[in-house]
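For reference, the structure discussed in these notes is given below.
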Amino acid sequence: MGVFRQEFLLKNYLAKFKSVEPFYKPQWKWPVWVMLVYRGIFSFYTVFGLIYYLVYRQDLRHPTILYLATWAYIALTLYHLVALIVTSYIFAKTTKEEKTETIPLTTGSVNNDRVDEEETTANKKNSLPWYVIITWLLANVSYTSAITVTTVFYFALFPLGGVNTDMEDVNIHVFNTILVLVDVSITAIPVRLYHVSYTIIAGGVYSVMYEVYWNVNKSRNVLYPGLLDWNKPEIATMVNFTLLFIVLPLLQFMFFGFYRLRLFIFEKIYKQKYEHEP
């Protein structure tokens, strides 16, 4: 119960953390260059997958950009790109400072990675640089939205025959979840339960966009017939409410569980608590 009592403190609603290290280093005691390689590969894969999908998936009845799966994959792509840039930037900064450090170590001193002045000041205030905050929020939104898309794809749209099974569709609707699960297993990015609110806001923005599109042509502009059709407002409202206020919070709890499990495994493997455990 102590974990949840601490987690539900109001301060955890904000994107604050005591260190930037979990946002550019792996959870495990691997060199940072492993993280750079990982970020580079996944960034290339998601960018290529998104471009291919947007260019070649033109046989849909509605613009590709309007679908929830497209929005979710854009969030996933942005997350990996921003994470690659942030990881590269902080790694380059710390490497440069280590090379220019001339103060000799004294007995009992610790040779820790140093960050630039902006990051050090931010950490002292238990806050983060803006670019790290963006990485954190994109991770949160991309995680939960990816699982939502896969769940809707398999358990709602697929049985209704409303989806294609081409490779680009499988990549957007299924492999996105695989990418997320790999990321959750490797990175040290913390998960806050309160941060589900940011995903709910993103989902609300999509819902408004969809309703505006539907209002242009109420008979034709139905992206998800039989599931989210505003010509049947009772059903559409129920589905919308369920996704935003039941499914997303449950997924946030799931990822919080993954995060705590990751910390538990770290402690079992290395016989010590993770240095930046909250």
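Using the three backbone atoms N, Cα and C, a Cβ is placed for every residue, glycine included.
Keep in mind that TrEMBL annotations are predicted by a computer and have not been checked by a curator.
Going by TrEMBL, these are the annotated features:
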TRANSMEM  32-53  transmembrane segment
TRANSMEM  65-92  transmembrane segment
TRANSMEM  130-158  transmembrane segment
TRANSMEM  170-189  transmembrane segment
TRANSMEM  196-215  transmembrane segment
TRANSMEM  235-259  transmembrane segment
Here the stretch out of 130-158, 170-189, 235-259 with the most C-beta pairs under 8 Å to the transmembrane segment (32-53) is 170-189
When each of 130-158, 196-215, 235-259 is checked against the transmembrane segment (65-92) for Cβ pairs under 8 Å, which one has the most?
130-158
Go through 130-158, 196-215, 235-259 and flag the stretch with the largest number of C-beta pairs under 8 Å relative to the transmembrane segment (170-189).
130-158
Who are the chain neighbours of the transmembrane segment (235-259) in space, where the CB to CB distance is under 8 Å and they lie at least 6 residues beyond its ends?
7, 140, 143-144, 147-148, 151-152, 184, 190-193, 195-196, 199-200, 203-204, 207, 227-229
